[in-house]
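These come from TrEMBL:
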DOMAIN    43-209  domain 'Phosphoadenosine phosphosulphate reductase'
BINDING   Cys121, Cys122, Cys204, Cys207  [4Fe-4S] cluster binding site
ACT_SITE  Cys230  active site, nucleophile
Amino acid sequence: MTAVTADEDLKALADKASVELADATALEALEWTAGTFGNDFIVASNMQDAVLIDLATRVKSDVDVLFLQTGYHFAETIGTRDAVETVYPDVRIVDAQAAQSVAEQDAEYGPKLYERDPNQCCFLRKVVPLRNTLANYKAWVTGVRRVDAPTRANTPIVTWDERNGLVKVNPIAPWTDEEFRAYIDSRGILENPLVSEGYLSIGCAPCTAKVAPGADPRSGRWAGKSKTECGLHG
Ligand code: SF4
């Protein structure tokens, strides 16, 4: 079977599941993912919390978890990543790294590329490492929710990720903020300590600010710039 045929098969699978699982619960979507792809799927996490990881381990305790090691994370985010390994000992965390260290990037492009050209910085440190890691899988699972942003309002539970060439599953796409918080509280889910300090959408430290009470959670990402997305979910 050629790679193109495999991709066509996967796309057809995604299109069919997109209809059949349009109203699936998070666990139903994850059960379908584990049943369909076995070891060939990975769960992405920015280590803001372990909600998606917890859900995934309920259907596959040794699930692979993708973490983008950008080199710019808060210490608390790295600490949360390490805590996930302790709380979920069967999980395998896959650290996706850029080709260049931050020092090497600074030497080639100049320091603080994130201030001058955040799109290029995100491309080098997030988009490319993500694509390279996803090339090893047939599906990935994300924590994107429709309430995150207007650009995410129509996020399906299952879709075909054209850019990366694999199936994309968004099990908690329909969850409201209240449902999300209730899951954390009811199961005592691990959470990045920065959340309680007012960081409601956590990315790299230079590009993440606290969010004013009542403001859009993602307003703290690339504050003061027109950029609103890393380019991972476009
Ligand atoms: S979020 Fe900021 S520091 Fe992180 S990769 Fe993007 S531009 Fe660079």
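Any Cβ shown, glycine's included, is placed from N, Cα and C.
Since this is a predicted model, take the numbers as computed values, not measurements.
Across the fold, the C-alpha of Cys122 ([4Fe-4S] cluster binding site) and the C-alpha of the residue listed as 'active site, nucleophile' stand 6 Å from each other.
According to DSSP, Cys207 ([4Fe-4S] cluster binding site) is assigned to a helical segment. Residues Cys121, Cys122, Cys204, Cys207 make up the record's [4Fe-4S] cluster site, and a Cβ search at 8 Å around their centroid adds Thr70, Tyr72, Tyr114, Pro118, Arg125, Lys126, Gly203, Pro206, Trp222, Cys230 from the same chain.
Spacing of Cys121 ([4Fe-4S] cluster binding site) relative to Cys230 (active site, nucleophile) is 9 Å (Cα to Cα, whole number). Ranking the recorded positions Cys121, Cys122, Cys204, Cys207, Cys230 by how many other Cβ atoms lie within 10 angstroms of each Cβ puts Cys207 at the bottom. Cys204 ([4Fe-4S] cluster binding site) sits 10 Å from Cys230 (active site, nucleophile), taking the Cα positions as reference. Here Cys230 (active site, nucleophile) is positioned 11 angstrom away from Cys207 ([4Fe-4S] cluster binding site), judged by their C-alpha atoms. As a whole-number mean, the pLDDT of the domain 'Phosphoadenosine phosphosulphate reductase' (43-209) in this prediction is 97.
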